[in-house]
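Database features (Swiss-Prot):
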BINDING   Gly15, Lys16, Gly17, Gly18, Val19, Gly20, Lys21, Ser22  ATP binding site
BINDING   Cys199, Cys202  [4Fe-4S] cluster binding site
REGION    246-266  region 'Disordered'
Amino acid sequence: MGLTKVKHIILVLSGKGGVGKSSVTTQLALSLTSAGHSVGILDVDLTGPSIPRMLSIEASKVTQVPGGWAPVLVHEADESKGLGSLHAMSLGFLLPKRGDAVVWRGPKKTAMIRQFLKDVLWDETDYLLIDTPPGTSDEHISLAETLQKDATLGQVAGAVVVTTPQAVATADVRKELNFCTKTNIRVLGVVENMSGYVCPHCSECTDIFGSGGGKSMAEEFNVPFLGSVPMDAQFIALLEEGQRPTYPSGTTVGGKDISTKETETRTQEGNLVDKYQDCSLSHVFKDITDKVLVNVGG
């Protein structure tokens, strides 16, 4: 099985689309690699694979090796910087064109997910993050059944559930938490995404969608609340254009001053994980990642 060398498997779930689940998956991966862990991302959102674009590796192709597929390298480990390696696998790498639609019925989706779990040959990996489709569909059932059958005892660490502050999103995520209960998947915690907006021109962070819905839901279900993540236009520019984030004087996120100092010169050189260190959200996700590691026991 392709998961033999994987220590911990973490599912990233959401009750509905549009809550930024793939963004959370990407930033968890970047945060974990920054902490020195070797990380893999398996994108099983078959009809909307966005991980290749998030990681700026859309042009990459999967390599066939004896026994299966080798995941795509995002960046190598660098012990001198305390950086772990990052690999990814997605159906997006297998499509002839980026805009090609995946029009598959349930059985074909189920077969593809099982093939991903069995035939993608991960090297020594501390954490494998599985980016799932929104809701509780055939893909989720197939994923849970295959992991229960093939994963070793304790290998599936649990799930991180993503929501936004609005009531309509938290209502759908309640179904996801119930799904975890029925499939015996431990909930590592809830992330409230899009909780505030960091203005690119000043230091103000505004709760345009409200706040607190994710924390209230976590308390209701007696599961850990991992933290709130604001929206940051600089993070989007980093993913879309490769721009290193910079912030005006007085910008604070989570009580931390992340202003770009006037005497500081930031070049546009470096890979994604290097530039992400200058993003306001890297500080937010460091706290979230620390809580996830404690809950996993890693």
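Using N, Cα and C of the backbone, Cβ positions are placed for all residues, glycine too.
Cβ-based neighbour count (10 Å, all protein chains) for Gly17 (ATP binding site) stands at 13. Cβ neighbour count for Gly20 (ATP binding site): 19 (other Cβ atoms within 10 Å of its Cβ, all protein chains included). In this view, the densest Cβ surroundings among the binding-site residues Lys16, Lys21 belong to Lys21, judged by other Cβ atoms lying within 10 Å. Remark: of the binding-site residues Gly15, Gly18, the most isolated position is Gly18 (fewest other Cβ atoms within 10 Å of its Cβ). Taking each of the binding-site residues Val19, Cys199 in turn and counting other Cβ atoms within 10 Å of its Cβ gives the largest count for Val19. In the three-state DSSP scheme, Ser22 (ATP binding site) is classed as helix.
If you take the Cα of Gly20 (ATP binding site) and the Cα of Cys199 ([4Fe-4S] cluster binding site), they are about 19 angstrom apart, rounded to a whole number.
With a 10 A radius on its CB, Ser22 (ATP binding site) counts 22 other CB atoms from all the protein chains.
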